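Working notes, beginning with the structure itself.
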Amino acid sequence: MRALYCAGRGAADMHEASIALSLIDVASEVLREHGAARASALTVRVGQWSSVVPEALTAAFPACAAGTGLEGARLSVVTVPGVGECPVHGRVTLDVTRGLRCPECGAPTPTLLAGDELELDELELVEPDLEDV
Amino acid sequence: MTVANPRIVTVRQNILKANDHTAAENRATFTAAGVRAINLASSPGAGKTALLERTLRDLAGQMSMAVAVGDLATENDAARLRQHGAQAEQIVTGTICHLDAAMVQAVLPRFDLAGLEVLFLENVGNLVCPSSYDLGEAARAVLISTTEGEDKPLKYPTMFNTADVVVITKMDLADAVGFDRDLCRENIDRARPGVPVIELSSRSGAGLDAWFAFVRGEPT
Ligand SMILES: [Zn+2]
């Protein structure tokens with residue numbers, strides 16, 4: 001099992017540190033597939049129902065990325081609101097504090113059509129520059 | 001010297017795909033062995049271990065059960081559970097605030113799965129992190145005690161939204177702490193419309209029959 005401390009972050013950030021490490025694993029794999037040594041920026045999509053706090057993820061990321069191809073990369077987090085389907089109002093944007101209920105009429109919207117994602121969306125690769133090597 | 005050219009690639013990959021992959025392996029292992037794995041999550045002190053102790057005691061001789069219990073450091077919970085005659089293995093998570101599929105996979109060789117009907121996966125006490133990690137369980141039970149307030153389902157929507165059953169524990173204390181049962185059930189239903197809710201007391205035994213039915217995999 002690997003250490004999850006990411007250079008001394010406190011317990012409150014452990015969840016996002018775990019997520020940051022998984023994110024770095026996925027991103028590092030993409031770097032390898034593309035033959036790139038490092039990335040300068042990355043975008044992740046975090047659903048409001050994903051249990052990940054964007055600010056905590058952004059705070060945990062730099063220390064977790066140290067020594068990897070993601071070191072120094074700019075992390076952008078796009079928050080994805082919950083979307084449900086109301087039998088009357090169709091696709092509706094949900095309010096996380098009110099649960100899975102149509103904001104118009106209060107009908108239950110049991111299925112999340114969006115808002116539970118936790119995904120690496122884009123990666124900005126820095127191509128190896130032969131003249132720099 | 002030339003400036004390196006950035007190239008943007010679209011990835012669109014689940015950050016937890018490695019965990020999901022391992023969870024699928026665990027699920028296949030459980031299915032092949034005929035084991036019903038139940039992931040239990042709650043806040044610290046909501047009564048997961050007390051409910052498991054009662055379950056192991058009351059169903060002893062009827063079902064073969066074992067527990068894998070995640071804890072930050074100590075081995076107290078596993079020792080408590082072993083007193084009831086069932087195998088209990090501790091997964092020491094160290095600084096990690098949840099069980100993940102790989103930790104569960106690593107502990108599975110210690111169990112005789114072929115001889116088991118139910119394996120409880122007692123998660124670390126925490127309503128945030130465990131929600132993100134599929135362990136390969138057949139069912140996920142989320143516990144909330146009458147002493148921790150009625151708003152937990154709305155504060156931790158992901159945990160409740162992934163529950164197959166919500167268990168309200170410590171019902172024997174409900175009156176003493178002014179527990180608002182209707183409000184709690186309303187909030188649970190907002191977080192997870194239609195989810196079955198079981199109210200019980202591990203101390204008095206009230207409501208345990210519904211829980212035992214869930215443990216057996218009968219409809220709740
Ligand atoms: Zn509506």
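Cβ coordinates are placed from backbone N, Cα and C, and glycine is handled just like the others.
Note that TrEMBL annotation is computational and uncurated.
Close to A:His15 (Ni(2+) binding site) in the fold, though at least 6 residues off in sequence, lie A:Ser51, A:Val52, A:Ala56, each with a CB less than 8 Å from its CB. In the three-state DSSP assignment, the secondary structure recorded for A:His15 (Ni(2+) binding site) is helix. Annotation comment: TrEMBL describes A:His15 as Ni(2+) binding site.
In the three-state DSSP scheme, A:His89 (Zn(2+) binding site) falls into the coil class. For A:Cys86, A:His89, A:Cys102, A:Cys105, the entry in TrEMBL reads Zn(2+) binding site.
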Listed binding-site residues adjacent to ligand 1, that is, members of A:His15, A:Cys102, A:Cys105 whose C-beta is under 6 A away: A:Cys102, A:Cys105
List of the binding-site residues A:His15, A:Cys86, A:His89, A:Cys102, A:Cys105 facing chain B, defined by a Cβ pair under 8 Å: A:His15
Protein Cβ atoms within 10 Å of A:His89 (Zn(2+) binding site), excluding its own: 14
Local Cβ density at A:Cys86 (Zn(2+) binding site) - other Cβ atoms counted within 10 Å: 18
